[in-house]
Amino acid sequence: MAAPRVAVVGAGLIGLSTALRIAEVNPNCCSITLLSEQFSPNTTSDVAAGMLIPHTYPGTPIHVQKQWFKETFTYLFAISNSAEASEAGIHLVSGWQIFKNPSEAEVPFWSDIVLGFRPMSAAELQKFPQHSHGQAFTTLKCDCPPYLLWLEKRLKANGVQIHTRKVADLWELHSEYDIVVNCTGIGARQLVGDQQLFPIRGQVLKVHAPWVKNFIRDGDGLTYIYPGIDSVTLGGTREKESWRLSPDPGTTKDIFDRCCSLEPSLQRAQDIRVKVGLRPSRSCVRLQREVLSQGGAKLLVVHNYGHGAGGFSVHRGTAEEAAHLVQECIAALQGSSSRAKL
């Protein structure tokens, strides 16, 4: 049979990294096209801070989440130690996760994957008089849009075709492609009718404060300061079921005040820009195969969406799993083709 034609729909972090892993896992045995209505800097991923501090998915076993995070951390750590680090926007950052109540300060499942995880010392905690406990560690950060643009460049180098196209129904692709990979994020709610998927609105500030070198994350993860290469991301909000993309001035002031209470020097921050994104959230990432059929015709689909606030922490791990599901689809196509010849 001819080489299977694979379409990956969506060009945010998940779509780009999934298309790249499919190309790496299946060299020269399928043609891959990336289709999306929006590209960087106009994706939800461009709003995210890109910190590797895992979000927990209640519907996914912890050992699976840990594997996704470990694969992602290992992959990005190698890039951070290469000549590609600057172009890819990937760097190590050290800092603190702080808690007001000792009961919150449990050792997380990912503590042995990040670097140098330990309880904060009494001297360090003096910086945060409102907090009684904390954890210090070093993790990785992906700056956007550099990381997304780097992924696009890697895709082109691996022979992946990239086209701007709005896909209103996966079935419209069945005459052009054999396998469709759905990485449409919050768009999957309408595209495939997934009512388990809902937006969690996030508003953040990007500020110029080059003296801020350490990340600070308040225990519940609602207030955070994440330094990047060119700007510091201040957050944030978690507004469930809100589709509003316009910034809210009152929220901007609240975020700024909360972050200044943790790092008073931010009062001198310059060039404050406000960004809003809708995190594509569900109880677990949807990572599965599906067969669509109409009138005897079939279309193989692989879904990889619903990463919510945790996409950057697990994107390479879920891309790896999606790429293997595509391999299974290719094997199924080749099996049915060989049976048809008998």
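Keep in mind that glycine also has a Cβ here, set from the backbone N, Cα and C atoms.
TrEMBL annotations: computationally assigned, not manually curated.
Pulled from TrEMBL:
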- T44, S45, V167, T184: FAD binding site (BINDING)
- Y224, R279: D-dopa binding site (BINDING)
- 5-325: domain 'FAD dependent oxidoreductase' (DOMAIN)
- 1-19: signal peptide (SIGNAL)
Checklist entry - With every protein chain in view, how many other Cβ atoms are within 10 Å of the Cβ of T184 (FAD binding site)? => result 29
Checklist entry - How big is the gap, in Å, between the Cα of V167 (FAD binding site) and that of R279 (D-dopa binding site), rounded to a whole number? => result 20
Checklist entry - Measuring Cα to Cα, how many angstrom lie between S45 (FAD binding site) and R279 (D-dopa binding site)? => result 9
Checklist entry - Per-residue pLDDT averaged over the domain 'FAD dependent oxidoreductase' (5-325) comes to what? => result 96
Next on the checklist: What whole-number Å value do you get for the CA-CA distance of R279 (D-dopa binding site) and T44 (FAD binding site)?
Outcome noted: 7
Checklist entry - Cα-Cα separation of Y224 (D-dopa binding site) and T184 (FAD binding site), in Å? => result 27
Checklist outcome for this item: For FAD, with binding residues T44, S45, V167, T184 per the record, max Cα distance (Å, no decimals) returned as 19
Checklist outcome for this item: T44 (FAD binding site) has its Cβ surrounded, within 10 angstroms, by a count of other Cβ atoms equal to 22
Item to check | Cβ neighbour count (within 10 Å, all chains shown) around Y224 (D-dopa binding site) | outcome: 24
